Each structure stands twice: as structure tokens, then as C-alpha cells.
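Residues or ranges marked as Zn(2+) binding site by TrEMBL: C79, C84, H161, H166.
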Amino acid sequence: MSFLFGNRSSKTFKPKKNIPEGSHQYELLKHAEATLGSGNLRMAVMLPDGEDLNEWVAVNTVDFFNQINMLYGTITDFCTEERCPVMSAGPKYEYHWADGTNIKKPIKCSAPKYIDYLMTWVQDQLDDETLFPSKIGVPFRRNFMSVAKTILKRLFRVYAHIYHEHFDSVMQLQEEAHLNTSFKHFIFFVQEFNLIDRKELVPLQELIDKLTTKDR
């Protein structure tokens, strides 16, 4: 499956990775949604009592993937090969794509192409039952946390690109509150469990400081 950037009448983002209703992960997702509703994001991201950290990270990673899909899906008409010939986050930061499997040597490509590669790669990880088990009692792989960290690090780059290159379009669409809330939730989550190196967050450090200061 791939994004269909060339054909605007087609769906521009991937279907959600659904968490099966009735499963323990579904209950965890509902718990997360309920706590988010309280408005206290710091508390909402904390590991619920008695829960497994891997499972909590898995459920939230799927949720962030879905959120970013939706957010990026609203601005694909503005993120084109012509307007975004490189995947950047402002003038200082440029990302080149490599997944270590199909593309081993980092390649320079347009933002829509990079995000297509990125989301396809993430979807493949989420669909891998050995990495993201949906059945109760199936253990997580030993390298689960390092894969989850790589997924979140790469998803951050989509937020960074949207903020730096398309925030005017986001405001035009009146989606800025949605974007800010989603990003703030994402940042609180990765900070709570130290899931992204600080140096990776530098392109949005000013915004992160602004969004998180009053909640310390």
C-alpha cells in the first residue's frame, strides 16, 4: 500500500491500524482517551497502575500514528513535490530516508515521498504481529522498545515538517488547536518514558518549551 500523491481524488493517507475491540489494548486505549479528556496531559501519559510498559507504549504509538496520519492528510494538497522538494524542518534541518532494509543508504527525496516511505515503513512495523502483538499473552520481542523509539523519532519529523513548512495552511484550515494538542500529547508521552533523544527534538525545541513550561 502506498500514498497516492499523484492522484488527489484518491485517499491521501493510510487506513488506521485498528486495535481490536474487546482486547486488553482496546481497554488501555479507552483508558488513555478518558484520562486525556480530563485535560491533564502529564497524568494522561503516565503508565496506569499494574500495566505493562511495552503494551502502553504500543497502544500509544498506534494512536500517534493514526493522529499524524489524519493531520498530515489535511495538508497533502499543500505538501507537493514542487513546494517541498526536500524533507525539511526549517532551513537548518533536512532529513534523508533510509529504512535499513529496502533503502540502506540514506537518500535525499521530496517531503511527500519521504513521508510516504516513512508511513509505509511504520505501517509495516505496526502490522507485524511479532512486534506489535494484538493477542493477549503473546510476549513482546526483546527489541520492541528500540523499534518503538525509532518509530516515534520518525513520526516526530512529520510534526516538525508540518510546523515549519505548513503551519500557515494548518491555520487556514483552522486545525492549529488540533495539531498543538496532538503534538503536546506526543511530547509529554516521549518525555515521560525518554523515548526520543533531546538532539532529535531540536527543530521544535522552542515550541516544546512553550507548550510544556506551564505544565511543569
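Backbone N, Cα and C define each Cβ position, glycine as well.
Curation does not apply to TrEMBL; its annotations are automatic.
Here the Cβ of H166 (Zn(2+) binding site) has 23 other Cβ atoms within 10 Å, regardless of which shown protein chain they belong to.
Apart from the site residues C79, C84, H161, H166, the chain places the Cβ of I75, F78, R83, A111, P112, I115, I162, E165 no farther than 8 Å from the centroid of the site's Cβ atoms, the recorded Zn(2+) location. A simple way to gauge crowding: the CB of H161 (Zn(2+) binding site) has 25 other CB atoms within 10 angstroms, across all the protein chains here.
Counting neighbouring Cβ atoms within 10 Å of each of the binding-site residues (C79, C84), the lowest count belongs to C84.
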